[in-house]
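**Q** What TrEMBL records for this protein is below:
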type	residues	note
ACT_SITE	Asp149	active site, proton acceptor
BINDING	Gly12, Arg71, Cys72, Gly101, Asp102, Gly103, Ser104	ATP binding site
BINDING	Asp102	Mg(2+) binding site
BINDING	Ser147, Ile148, Asp149, Arg184, Met191, Gly192, Arg193, Glu247, Arg275, His281, Val282, Gln283, Arg284	substrate binding site
BINDING	Arg455, 512-516, Arg550, 557-559, Glu613, Arg639, 645-648, Arg719	beta-D-fructose 2,6-bisphosphate binding site
DOMAIN	10-306	domain 'Phosphofructokinase'
DOMAIN	386-671	domain 'Phosphofructokinase'
REGION	1-373	region 'N-terminal catalytic PFK domain 1'
REGION	386-767	region 'C-terminal regulatory PFK domain 2'
Amino acid sequence: MLPLPPPPVSGGMNAAVRAVVRMGIYVEAKVYFIYEGYQGMVDGGDNIVEVSWESVSSILQVGGTVIGSARCKEFRTREGRLKAAFNLIQRGITNLCVIGGDGSLTGANLFREEWSGLLEELAQSGKIEEEAVKKYVYLNIVGMVGSIDNDFCGTDMTIGTDSALHRIIEVVDAIMTTAQSHQRTFVLEVMGRHCGYLALVSALACGADWVFIPEYPPEEGWEDQMCVKLSENRARKKRLNIIIVAEGAIDSHNKPITSEKVKDLVVQQLGFDTRVTILGHVQRGGTPSAFDRILASRMGVEAVLALLEATPDTPACVVSLSGNQAVRLPLMECVQMTQEVQKAMDERKFCEAVRLRGRSFENNLNTYKLLSHRKPDTELPKTNFNVAVLNVGAPAAGMNAAVRSAVRVGITEGHSMFAVIDGFEGFANGQIKEISWGDVGGWTGQGGSLLGTKRTLPAKYLEKIADQMRTNNINALMVIGGFEAYLGLLELSAAREKYDEFCVPMVMVPATVSNNVPGSDFSIGADTALNTITDTCDRIKQSASGTKRRVFIIETMGGYCGYLANMGGLAAGADAAYIFEEKFDIRELQANVEHLTEKMKTSIQRGLVLRNENSNENYTTDFIYQLYSEEGKGVFDCRKNVLGHMQQGGAPSPFDRNFGTKISAKAVQWISKKLRETYRRGKVFANTEDSVCLLGMRRRNLLFQPVVELKDQADFVHRIPKEQWWLKLRPLMKILAKYKTSYDVSDSGQLEHVARHSPKEAETGAI
């Protein structure tokens, strides 16, 4: 088995390489590096090297790829592939793990198809024995897609895309601060020669005024439309205009739209001070994000399992992500569909191209269209419904993006939108005001909660809140928050018997760093907190660089929910992560210390142990620190860190901005539907269970679930869901930390076919 990266490099590849090597060694296979991609396979010699566990130590946080990458003309010829086959046979290699784009993966598939013919040719020329032809008769191939463009059909996210979005958003946030003093227009060019994913999602995540992507060229006369929009925004006292251009952007006649062309247009027509920023290869570099590290680690392990299970009849497959599920798809089906997108664009069938890109891409585009262009009041429907939005619980990064999205989609749907300040407490005190389209401009990049948020539950204020609902004629409620928000909706739902005012549609969008809300696999804010933990762990580990051997004990937030500790451990390469959901005793602590001690006697210099704040009331962070310090004497020393509230702060990650924006838009559309359904004789009256719902991400889809039905799934004492999907990833972290543990393959991906969805499907399902 060997990881083989492609020419384009993306963040997270090293995490994939590390996972393949360590999972390969775990299943007692020999693992080889092939340096410099296909070129190394053709050249052989020192380019193909057997590796050990320690070969991939300390590479998780490194960008790029440690095994190099190169384009190889020779591999495109049969002669080159003959050399490559000979070099593999010399070492008995018949399993290839290829990390690449569609070109690299197509080449791998051709190599597999030709394999038996290549071996026969080598035998005829006397280079290998006939025995070798019989022994190595099949070549198995599994692909992982590494591409920042996210241009490969069949997977929601490719390795490196999230890290590239981080780079783009960092630049946009930096540019936005300059706008405090200058009225400027910025034209930002991002990568994406054939795919507009990066441009589209970064436009969504920063609230850009305009975006140009290859799959959705602007209509005729776009030049005037864009300039009108920019001048209207400037007239509303907006100091900054941002236009994002994908490098492959085209108009409806397939002519390129360049960043310079856009700049010249703005200067000539409006006279605005306009600057161009071309991000270029900055997007490929930097430290990989937590999402990419976890994605790549999961895919690497899945790839090894797929190779082990492969038979001569199994097609070459790609390991990919659908929602939060790992799936296996036939490689050539994915490649064919990816090529069909380009064909549709060449034939100017742009709607078809967007559909072929998949549900996730189509949802992004539809949400962007909803949020970016405000229709004139004369074109807006008028429903006379009033919808209130409030934040409940602790602040979480991405809440403001969710509020912005809710307000703008609500206005587009024709409702009057009301903001409630300081949660249910503010509601009871009448801190309610109507909020307009312009009031939420620039909110996506703001951390914390601009509306203000409190943990207070509504039970003791029911009378006052009912009064405020009546006074302000509130016809629907949208609550953005964590476990308190869920409890709050349960209380309001129960109070319907006494107060008719609560007989209105109510929906909750989960937002909490702890990711502990029943009914949703993800919560807004958890990804940002995870990145904070991962970044901090990287820095802490680096602080020991060049000093003696050292182990760091780090405490994370999360209440009783171990999500942050567990996933942070996976992303940062921890040796252990102690969580409440998996009971541990002194024997396990002792075993962990001994395990680390043995590791520290090798070339490994640093250890990392994470502990969830409420994992055990007696085995505190101090206790674990003292235990490791005492037992590690003479081998390593210890340091401890409590990360605290820094995990709740910071600018929201691209994932949280995007997730908050899309889930919130979907929630408001549900409210509109429910309002129409429950409006009778001039009044809204909703008292069924399905009119109080939580909108959550479950496996592959977004689902509306009545809050009452979720009661059975919640542990109210510890404020966590009874079942949590990420616990299945626990053994993964242990295997990658060199523990002998059993790995449950029942949840591993099964071979599926590439789904072609109908346009209707984009409205349901995937995020």
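Glycine residues also receive a Cβ, built from the backbone N, Cα and C atoms like all the rest.
A TrEMBL annotation is a machine prediction, not a hand-curated record.
Note that the structure is a prediction, hence the values are computed from the model and not measured.
Could you place the listed features in the three-dimensional structure?
**A** Asp149 (active site, proton acceptor) counts 26 other C-beta atoms within 10 Å of its own C-beta, drawing on all protein chains shown.
Annotation for Asp102 (ATP binding site): spatial neighbours Val145, Asp151, Phe152, Cys334, Val335, Thr338, Gln339, criterion Cβ-Cβ under 8 Å with sequence separation of six or more.
Remark: Gln648 (beta-D-fructose 2,6-bisphosphate binding site) has Ala394, Pro395, Ala396, Ala397, Gly448, Val513, Gly525, Ala529, Met557 as non-local neighbours, by Cβ distance under 8 Å and separation of at least 6 in sequence.
Mean pLDDT for the domain 'Phosphofructokinase' (10-306) in this predicted model: 90.
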**Q** Which ones are near Asp149 (active site, proton acceptor): of the binding-site residues Arg275, Val282, Gly559, His645, which have a Cα within 10 Å?
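**A** Those close enough: none at all.
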**Q** Quick one: of the binding-site residues Gly12, Arg193, Arg275, Val282, which has its CA closest to the CA of Ser514 (beta-D-fructose 2,6-bisphosphate binding site)?
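**A** Closest candidate to Ser514 (beta-D-fructose 2,6-bisphosphate binding site), judged by Cα separation, is Gly12.
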**Q** Between the binding-site residues Arg275, Val282, Arg455, Gly559, His645, which lies closest to Gly101 (ATP binding site), Cα to Cα?
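**A** In terms of Cα distance, Gly101 (ATP binding site) lies closest to Val282.
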**Q** Could you give the Cα-Cα distance between Met191 (substrate binding site) and His645 (beta-D-fructose 2,6-bisphosphate binding site), in whole Å?
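**A** Spelling it out, the Cα of Met191 (substrate binding site) and the Cα of His645 (beta-D-fructose 2,6-bisphosphate binding site) are 35 Å apart.
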**Q** Roughly how many Å lie between the Cα atoms of Arg455 (beta-D-fructose 2,6-bisphosphate binding site) and Gly12 (ATP binding site), rounded to a whole value?
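**A** Rounded to a whole number, the Cα-Cα distance is 37 Å.
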**Q** For His645 (beta-D-fructose 2,6-bisphosphate binding site), identify the closest of the binding-site residues Gly12, Arg71, Ser104, Val282, Arg284, judging by Cα separation.
**A** Gly12
**Q** Here are the binding-site residues: Cys72, Met191, Val282. Which has the lowest count of other Cβ atoms within 10 Å?
**A** Val282
**Q** List only the single closest residue to Arg550 (beta-D-fructose 2,6-bisphosphate binding site), chosen from the binding-site residues Gly12, Ser104, Arg284 by CA-CA distance.
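**A** For Arg550 (beta-D-fructose 2,6-bisphosphate binding site), the spatially nearest of the binding-site residues is Gly12.
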